[in-house]
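Each remark here refers to the structure printed beneath this line.
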Protein chains: 2
Amino acid sequence: MITMRKMNVAIVGATGAVGTQMIKLLESSSLPLGNVKFLTSKRSAGKQLSFKGASKTIEELVPESFEGIDLALFSAGGGISAEFAPEAVKRGAIVVDNTSHFRMDPEVPLVVPEVNPEALRSHKGIIANPNCSTIQMMVALEPIRQAFGLKRVIVSTYQAVSGAGNQAMEELKQQTRDYLADKPVDQWQMEILPCGGDKKHYPLAFNALPQIDVFAEAGYTYEEWKMINETKKIMEDDTIKVSATCVRIPVMSGHSESIYIETEKVASVAEIQTLITNAPGAVLEDDPSQQIYPQAINSVGRKETFVGRIRKDPDEEVGVHLWVVSDNLLKGAAWNSIQIAEKMYEMNLFD
Amino acid sequence: MITMRKMNVAIVGATGAVGTQMIKLLESSSLPLGNVKFLTSKRSAGKQLSFKGASKTIEELVPESFEGIDLALFSAGGGISAEFAPEAVKRGAIVVDNTSHFRMDPEVPLVVPEVNPEALRSHKGIIANPNCSTIQMMVALEPIRQAFGLKRVIVSTYQAVSGAGNQAMEELKQQTRDYLADKPVDQWQMEILPCGGDKKHYPLAFNALPQIDVFAEAGYTYEEWKMINETKKIMEDDTIKVSATCVRIPVMSGHSESIYIETEKVASVAEIQTLITNAPGAVLEDDPSQQIYPQAINSVGRKETFVGRIRKDPDEEVGVHLWVVSDNLLKGAAWNSIQIAEKMYEMNLFD
């Protein structure tokens, strides 16, 4: 008789927008859980969080927190991951990191379990969870790439505020109240958006902000470079042309994406619809005659990626347009991290 | 001494979202106004509207309304234009029609005054005002086309609700209140959006709806076909490849557009910035280092089209991305109509 080893798990950033979802998902995970501990900065330590009906005290994150931990799920900002992920690995834990810190490290697998699970085998202790907007695009495009090849991706995003964290969500709510109370825009609460660490802050309520994360080379934001670079790494193909325009809109949760692709071989709409129907993690919602298409508001709380508005470019025979929606806190973050852990367990990579 | 002939003007659809703006713009127009009359359906007739400080009674629209009228500005739906624009022309008026009804009629000029004013000369009584989302794109792209040629356009829109009219704006406001009051989504007011005439209605508050107007051929909506077909007509070039994904987002006024273009000749970002700076009706707002980019909320009440986020595609040397924003009720509708009338007056086309 085989005794299944219990797995001790730490969640770093347990009180954040993503951490909260990780806890919920861990409660119903197939992983054989042993001890589960919640770690945060000193500020939140001592507070209580519920897990499987019992109350748990949040502990302060220190290097020693990871003694005896098998799996550490990080979602507390790149700086925290940079400092503490190596400490966790040193103590024998496997780290699944939801920040961008390790994503482009050639030593670190960057994984969407439906797309490149085999990359997990080469891990050296840390596995990176891709950017939210990249993950859902990969779920939709990988089946098409496998069947028809993929030459080119041009994506414009419609991203929800929960990707910027709990405080940003509160800011959007407050701005919305300010709008309804006829308060002049310059008196709205503006402390975080579009990007907490940046110099200027703008209203998001009833607005669209073409800036997510700070600006980087060539006029692109980091968020845009993440989508460009992560796509090539996950698909293991540097020849795919990728460009992105990342935009924050006043939606609480659920990222939407208008994606244009060019395939190697000509694909029909019906063929792509069949691929999406059969793709792991994807759901086809595509019937213009019945006004069926993915909507951010319907994606909330769902683990799948929803794909619709599939149509051929009017002038380019290998060109196809799609509308892709997913809950950015789940498939875009917490769920993909838990899925990575479950997949690694299934592949015996914890031994 | 020349006596300037006074011009009698009728506004059809005077109480609508666009009509209201037309009245304001007419008050400060350079046109030599004679009689001005406001026409609507029977339902609103008899109500009062203010014009240049005086109160005016709204009249019911009948064919005889156009007796003695020189200029009739229509913005009351395609059916009204279809029925009454010919009546106005028959009585000697020039019609500037803001609906889609006549836009693709080869006999009818489709005009953005900054782009193709010469097309006005061939008018046969009716001039069509292009779709809001097309107009601002034309203002941004025409100077680039003239300097570098234009092979291709792929646009994803972020459109405001005022384009769907006053009732749709009220619906978004009510849904926003419902959200803040924690009312379940299925109990929100949903009677108009995404499209008044269509079968199903969905929430727009905190959502993104990839449907504007009803669905038409090949999985595209009419709004998308408008952008595709009108671009080719206005630029007088059927060889430009154009595709569009039109999306309504919870913004009151101000359409934003993520536009990808391919030019004939290679253009630098600096060259395009200079073109936009010098382009009529366009304003460059493009400095990533200072987080300067166009925003819907800032465009409201402005007549210009704002252009920023100009950057080269990372992989395609003739590929350029732009973010283009304008007040859809002004340059996208009322202001472009008034501009057409003023341009025709300047060109002596009322004689």
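Backbone N, Cα and C atoms are what each Cβ position is placed from, and that goes for glycine too.
Curation plays no part in TrEMBL annotations; they are all automatic predictions.
Listed in TrEMBL for this protein:
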| type | residues | note |
| --- | --- | --- |
| ACT_SITE | B:His255 | active site, proton acceptor |
| BINDING | B:Thr15, B:Gly16, B:Ala17, B:Val18, B:Arg43, B:Ser44, B:Ser162, B:Gly163, B:Pro184, B:Asn328 | NADP(+) binding site |
| BINDING | B:Arg103 | phosphate binding site |
| DOMAIN | B:8-123 | domain 'Semialdehyde dehydrogenase NAD-binding' |
- line: Using DSSP three-state counts, the residues of the domain 'Semialdehyde dehydrogenase NAD-binding' (B:8-123) come to 34 helix, 32 strand, 50 coil
Message: Most Cβ neighbours within 10 Å: which of the recorded positions B:Arg43, B:Arg103, B:His255 is it?
response: B:His255
Message: I want to verify one value. Collapsing DSSP to three states, which class is B:His255 (active site, proton acceptor)?
response: strand
Message: What's the number of neighbouring CB atoms sitting within 10 A of the CB on B:Ala17 (NADP(+) binding site)?
response: 22
Field: Between B:His255 (active site, proton acceptor) and B:Pro184 (NADP(+) binding site): CA-CA distance (Å)
entry: 28
Field: Nearest of the binding-site residues (B:Thr15, B:Ala17, B:Arg43, B:Ser162) to B:His255 (active site, proton acceptor) - Cα to Cα
entry: B:Ser162
Statement: Here the Cα-Cα span from the residue listed as 'phosphate binding site' to B:Arg43 (NADP(+) binding site), rounded to a whole number of angstrom, reaches 28
Query: Which residues in the same chain, at least 6 apart in sequence, have a Cβ under 8 Å from the Cβ of B:Thr15 (NADP(+) binding site)?
result: B:Phe38, B:Thr40, B:Ser44, B:Lys47, B:Leu49, B:Ile58
Statement: Out of the binding-site residues B:Ser162, B:Pro184, the residue with the smallest number of other Cβ atoms within 10 Å is B:Pro184
